[in-house]
Amino acid sequence: MENITVRGKYMKISLYSPVDGEIKNIQDCNDSMFADRMLGDGLVIIPNSNNFKGFFDNATVTMIFDTYHAYGFDIEGLQFLIHCGMDTIALNGTGFTTTLKVGDNVTKENNIFNVDLELLKQKKLSIETPIVFEINSLTDYKINDLKLGKVKQGDLICTIDYEFKEEKKEQDLKSITDPIEFFNMSNKYEKCAASINKFIGSSSNYNEVYNCMTRLRFSVKNKELVNVDEIKRLSLVKGTVWNGNELQVVIGQDVYKLKEEVIKLNNESLAIRASLGINNTKIPLARRFLAMFSAIMVKIIPIMVGVGLIQAIIAILMQTGVMPNIVFKLSENPGANDVLFKDASIGWIMLFAMGKTTTYFMGIMIAVSAANYFKLEGIMGVALGLILCCPLMFGDGGSMGLGNDFLLFDLGTIDTGNPMLDQITKIKVNAMNTKVFVIVAAIYTAKILDTHLKKVIPIALELMFRPFIVIIIVAPLSFFGYGIIWNFVETLFGSSMFYIGKIPLGIGVGIFVAMWQVAVIFGLHMMLGLISFLDLLSPTTGGQTVYGIAGSISVWSQVGALVGVILITQNAKLKKQGIGMLPAGLLGITEPILYGINLPKKRPLISGVCGAFIAGAFANILGVTQRAQSGIGVFEAIGFFSEPIYGGVGKLNPTLNGSFYLLSCSVAISTSILFSMMSYKERATEKTLLNKTINKLKLLTVLELNLSKPDSLKLKKDLNEITNILDKENLQFIKIIEKNIQAWLKYKVRLSTLLENEEITKEKILIKGKALISKKKFDLANLYMQKYNQIDNSQEINLLKSKIDQQYKLIDLEKLNKNISNIEKQIMSKLNELNFLKKDVIKDLEPIIFNNLNSVQIYYGLLENKVPKINLNEKIHELKKNKVTHKSQVSLNV
C-alpha cells in the first residue's frame, strides 16, 4: 500500500496495529492528558503481546525517551507519539528494550520496542498505549474507519486525511517603504520567545524562567511536553542542555533580551494547560547538591558582574582622591581620605550604596534565588533573607565591615597564637550576609515546614498563622542553630589555613593562595579574608599582610587556566564561551569562569590552583605584601604600590612591592596557562571511559561474590578481552570523525558570530528608529530605515553556509553509528556470556556502555546522553563499607 495519496491540498496516511490487542477511542483513555487531546488526537491500544512493530508504512524516528517507554515518529510531516503504559517513566527503563536510534528509517515490518507487560501489571501500572499525532500544525484532519475492538499485529486500523496550515512567510523588512510600518514590526526576540513558549509546552509547563550569562533556563514541570528538536531549530538557539528538570536553552550574550520577551509574553497572556507530574530520575546526592548549588548561585552572577564594574569605578575615584573612602566607623589611625558614612555627600553615598550594598547583603539575593529553586511560595524568601541578613544588626559594620557579632556564650579565653582558633570559645550570633549554606538551609527548612503547614492548618487561619509559624521557627533555628554550626566550621577552616600559611619558604602562603578559589566555590573565602584582615590590623605588621595577595593572584591563576583552554581547545563553541568570560576575570570576578568552565572541566581548575601555589610562594619569597585596598581585578594592583597603611615598614619599598606583585601575577597567569594546556583533554576517549566502566564492573563483581584470586584473574582476563573489541581501527576512525566535527563547528561559530553582530547592529537601528517614530521624526527615521536596508552580509553568510554543508558531509555519522552499534552489541553479548556477572547488572550497564562508546557525539551535542540505571561507584562504596563492618564484628567476636 502506498504511504501517501495527495488529494488537492489534503494528504493521507494509513495506520496499522503495532501489536495484538484491543483498540479504543482516545477519549476513553484513563489518562486525562491523552483523553483531552492535550498531546494530540489519535487512539489507544491495549496490548496483549510484548513485541511492538511499526504502525506505519514508512517513518523516521524523531525522539526516544531515555526510559524507552515513549517514541516519536515523523510520518510524512505529521508528528506521532506512541506512549506505552501510564506512569511507566517511573520504571526508569526497566522492562523496555529497543534497538532504535533517532534518525532511523523504519517500516511496519520493523520492531520498534519490546515491553514486559507482566512487569507493568505486577507494578499495577496501566498498559494502555496511546498513539497520538500533533494537530496544532493542521488546518483540518479526519480519522477514517477506526477499527475498534480486537486487532492483530499489522492489521489496518484507520486512515487519516489531513491538511497542513500554510506557513505565513515573514514580511521582509527590506520590502517595506513606510518607516512607521518598518519600525513597528515584531522583532526577532518576540518571535523566538513565542516559539519557545509553544515548543516547551506553553508557559503553564514551567514554574519559572531565568538566565545566566548565556543560557535561558526553564524549571520544567513535565519533560514529555517539551519539543527539544523544534527549540533547537530556532535561529537564536545554539543548543539545549537538560539538568534534571531544568531545561537550559543556550542563546549567547543576548539571552537577557530573550528572557525579557518571554516574561512580557507570559504577562500578556498565560496559556492554560494541564500538566502531568513525573518522578525525577534518581541522581546521586553529591551531583544533586552541586546542581542545586549551581542553580541557586548562577542567578546572581549577572548582578555580581554588574556590581563589580561599579566597585572598579569606586576604586579609581578613591585612588585618584576624587571620592572619599566612606567608612562606618573611623579607625584609631584614620586615613586622610576617610569619611564617615553619615558625613559623606549624598552623591557619593548613592554611588557607594550601588557598589557595596549587594556585597554587604548578598544573602538576601541568595535567599530569593533559593526560594525560587525550592518553590517556596510568595515572598517568604525575601522576608527570611531580610531577617537573616538583618540590616538592623549591621551597626558600624563590625570587625570585618560585614555586620556586628553578638556574644551568646563565652566559654573562656585561650591563647593558641592562632587568632582564628582563639575565637572558638566565643559562641556568637551574627547576620548571615555571606553565609551561603546557612541561607540555603534556612530556605529549604522553610519550604519543608511551609508544605507541612498547608496540610494541617485550616484555610481560614492559613493566611495569618502559616507565615507566622514559618518565621518564628526558621529564623531562630538559623541564627542559633545553623549559624552557630557554620561559624564553628568557618573557625576550623580558617584556623587550619592560618597554620598552613605559616609553613616556611613561601610554601605556606602558596597553599593559602592555592586554596582561595577552591574556597570561593564553597563560599568559605570570607574566612580566608578574615585571616588576611586580622593580619593587616595586627600591630606587628603596621598595615600590610602577606596573606592579602591570595584573592588577587588566585584570580589571575584561574584566568590563566581559562586562557589555556581557549588556546588549546578545538571546540569552537567552548572557545567562544571562554573568550566571553575573560572580561569578568579581568574585573576580578571568577564565578562565571569557575562555574562555567574550570570546575566542570576539573583540569583547568586544578591547573589554576597549581599556578596559584607557585605564584603565591614566589611572591612570599620576594616579600610582596598587600597594603591599601584599591578594588578588585586589574584595579587591585594600585594598592600594592602604596606604603603600609598603618605606618609600618615594608620589606620592599612601594615601587618594588608593586612591581614584584605584577611579576607574581605574570607567573600566576603563565604557569596556569602552561599547566592548563599540558593537562587539558577535550574529552575522555571512548577507550578510557570503557576501561573505567569495565574495571568498576570487575571490582563490583569481586566484592559482591567474594571471588577467589584465580577467579578474579580469570574475570579480569575475560573483561580485558571485551575492552579490546573497541580496537585501534575504530578509535582512529573516531578521531577522524572528531576532527571533522571540530572543523564543522568552527564554521558554525563563525556564522553564528557574524549573524549575532549583524543582529546587534540591526537591533540598535530598530530601537533608534522606534524612538524617532514615537517623536514623529519621520524624515530621520527614514534615514535609519535606509541604513538598516544597506546592511547585507548575505554573500559571506551563504559562503559560510556552503562550507558548513560541505564539512558536515565529511562527518560520516552513518558509518560511525553502525560501527558503534555493532561494538555495543558485541560487548553486551560477551558480558552476558560471562558466568560471574549478574544479568540485571549487565542490563543496567547498557546506558553507561552506550554513553562510553558514543562519547564524541555526546560531547559535541550531536547525541543525547542516556540516563544511567546504576551507580557503580555507590554500589562499590556500599560493598566496601559492609565488608569493613563485617570484619570489625568478626574481630569483636574473637
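Keep in mind that glycine also has a Cβ here, set from the backbone N, Cα and C atoms.
Note that the structure is a prediction, hence the values are computed from the model and not measured.
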Identify the transmembrane segment range according to TrEMBL, selecting from 431-453, 546-568.
546-568
Would you mind splitting the domain 'PTS EIIA type-1' (31-135) into helix, strand and coil residue counts from DSSP?
14 helix, 42 strand, 49 coil
Where among 346-369, 376-394, 546-568, 605-624 do we find the most Cβ pairs under 8 Å to the transmembrane segment (661-680)?
546-568
Across the domain 'PTS EIIB type-1' (190-272), what are the DSSP residue counts per state (helix, strand, coil)?
36 helix, 22 strand, 25 coil
